[in-house]
Each structure stands twice: as structure tokens, then as C-alpha cells.
């Protein structure tokens, strides 16, 4: 049988493989997303009666809620199949022998679907952050929570249609080593256009989304840095402008500490998101345009798939849990207060010197 992948037709989990990493990833993802949902509920996101005590949810939190639900569904649908394969020492194709290759195809579809849907929602969040900071007038007029609710369904519908193309004959799903993963086939010995074409198309779309997300985050970081510099050089004028501006960035202008929070989190998000997405994009292009020895490439493909799955684990911790007041308090006590005190001492010393002169 002329197969492109060593474990393509395997019926058992490859020896030497352990379920430890899969179990840890599932536990971390499940805990993070459940904790994120609890924090979102406590923040008043689910309130149906806006008012002084229950302000309407911001667009950002609506988008975060959609991303959290998407990641949680992905973890609950995908990870149990991996753990079941390890527990029974059977590959995905053999977990349900009567279904043939359907379970493997369903797993691969879910992997590609949730990977694309989450990336689209991450781009929407990055775009929302950039618009709110760099184009506040356009943001206030056109970006609303009601429109933000549509992001998750629209991203899901697009991802559903796109990732279902292999079922229509364009693209192919295949089982990867150690027999507990299935995903888009990224190499074909006969260089079939229908197989390689979908792999390149999927990876190209992911690359464009990653690039757009990084650009938006860098733009938002640039705006935050400019705001922070203005606050340091003109603290009184900035405070007066904040008080007179009424409703500004997300129902209230951020103070300098919040600006620093956002800057650090955006930088961390950009680095982690890029690191987790690029391995899969690289493997897809590498398999499409170079002759690959599958005996040497299976481990790299598995690592790329694992990196992709890390995004859904990291998302809730970065976007929600690290934004809570408890984390901010610890962060400010550890890093921000010494920095502010040092800057204040330097500014006071400079002022005293100028007054004596």
C-alpha cells in the first residue's frame, strides 16, 4: 500500500507514546476556559438589564465570551477522543471499527474547524482593540456589542463551509502518528492538486490571519505607548482630557496602569500566538513544495499540531484571567510600583534642580 504517512493505516497507538501531555493539555484548557466563563459571568456580561449597577457589556468582552465558548467546545469535543485512543491503545480509525474512517475524518474536521474559527475571532479582537485606540470616533459610531455578537456565528459559518471542502473532494484528512491525531493531509507522493491545494490554501489563510492579527496588535501597542508617553509628559492635561471626554475607550479611558497592562498583554499575546501558529504553516508549505521523507517528518508534524492546540489553552489565561483585579494587583506590586516610584523620584529630583537654578 503506497501511503504518504507511516501511521496512516495504523490500528494501534505507536509504542513509546504517552497520554500525559494530552491529559495535561486537556486539563489546563478545560480549567482555563471554565474559570474564564465564571469570571465573565461575575463581571456582569450576562446581565440583561443595563443600568448604573449593570453597565452594558463592552464589545471586547462579547468577543472574549465567544472565543471562550469556542475554545471550550473544541476541547470538550476533541481531547476525549485522544484520551480514549490512549486508554484503549487503539488508533482513531480503530476506536469505532464499524464507522471505518469516519471518526478520523470527524476529528480532523474538528481540529481544522476550531483552529480556523478561533483564529478568526482572535483577529476580530485584535481589530477591535486597534480601532478603539487608534480610531475612537469610528469605533464609537460603528462598533457595537450587538455587532460583536455576530462575530462568533459568522466565523463559525465560514469555518464550517471552508473546512468541509475535503468532504466534497478538495483536500483529504489523514491519520498522523502516533495514531491519536487526524488532520489535513499536507504531503502526497503523487503531488495531487486536490490534496496539496487544500493544505496550502488552509495554511495560507491561517498565515494571512496571523499576519493581520500581529499588525493590529502592533498598531494597538503603538497607540498605547503613545498614550503612556503623553501621560508621563503632561499628566494634568491628560487627566483633564479624560474627565471631559465622557465615553471613550470601552466606556472609559484607561489610566496609565491599565495602559501598561494592555501593552504587556498585547505583546505577550502577539508572541505566543505567532509561535503557536507558524509551525503548522511551515509544515504545510514544506510538505507541499519539497520532497519529504515521512519517516523523518512525522514527529515535526505532530509538534506542529500540538503547537496549534496550545492556542486554545493559552487564550483564556491571557485574555481573561490575567486581566482580573487580583492578577493586576500582584503585577503592579511586583513591577509597576517600583517603576513608578523610580520615575517619580527622578522627576522630583529634576524639578527641584530646575527650581534651585
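A Cβ is built for glycine as well, from the same backbone N, Cα and C atoms used for every other residue.
As recorded in Swiss-Prot, the features of this protein are as follows:
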- 104-182: disulfide bond (DISULFID)
- 2: N-linked glycosylation site (CARBOHYD)
- 89: N-linked glycosylation site (CARBOHYD)
- 1-20: topological domain 'Extracellular' (TOPO_DOM)
- 42-57: topological domain 'Cytoplasmic' (TOPO_DOM)
- 79-106: topological domain 'Extracellular' (TOPO_DOM)
- 128-149: topological domain 'Cytoplasmic' (TOPO_DOM)
- 171-194: topological domain 'Extracellular' (TOPO_DOM)
- 216-261: topological domain 'Cytoplasmic' (TOPO_DOM)
- 283-306: topological domain 'Extracellular' (TOPO_DOM)
- 328-357: topological domain 'Cytoplasmic' (TOPO_DOM)
- 21-41: transmembrane segment (TRANSMEM)
- 58-78: transmembrane segment (TRANSMEM)
- 107-127: transmembrane segment (TRANSMEM)
- 150-170: transmembrane segment (TRANSMEM)
- 195-215: transmembrane segment (TRANSMEM)
- 262-282: transmembrane segment (TRANSMEM)
- 307-327: transmembrane segment (TRANSMEM)
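Note: the stretches the transmembrane segment (195-215) and the transmembrane segment (58-78) are not in contact (fewer than 3 CB pairs below 8 A, sequence gap of 6 or more). The Cβ of residue 104 (disulfide bond) has 92, 93, 173, 174, 175, 182 as same-chain neighbours under 8 Å, each 6 or more residues away in sequence. For residue 89 (N-linked glycosylation site), applying a Cβ distance below 8 Å and a minimum sequence separation of six or more within one chain yields 12, 13. Residue counts for the topological domain 'Cytoplasmic' (128-149) by DSSP state, with H, G and I taken as helix and E and B as strand, are 18 helix, 0 strand, 4 coil. Packing against the topological domain 'Extracellular' (171-194) from elsewhere in the chain are residues 2, 4-14, 16-17, 22, 82, 85-86, 90-93, 104-105, 107-109, 111-112, 165, 202, 283-284, 287-288, 292, 294, 297-299, 301-302, 305: each is 6 or more residues past its ends and has a CB under 8 Å from a CB in it. Below 8 angstroms of C-beta separation, residues 62-63, 66-67, 69-70, 105, 108-109, 112-114, 116-117, 120-121, 124, 184, 194, 197-198, 202, 205 of the same chain, each at least six residues beyond the ends of the transmembrane segment (150-170), sit close to that stretch. For residue 182 (disulfide bond), the count of additional Cβ atoms within 10 Å of its Cβ stands at 27 [all protein chains shown].
Non-local neighbours of the topological domain 'Extracellular' (79-106) in the same chain are 7, 9-13, 17-19, 22-23, 25-26, 29-30, 166-167, 173-175, 179-182; each lies 6+ residues outside the stretch with a CB under 8 Å from one of its CB atoms.
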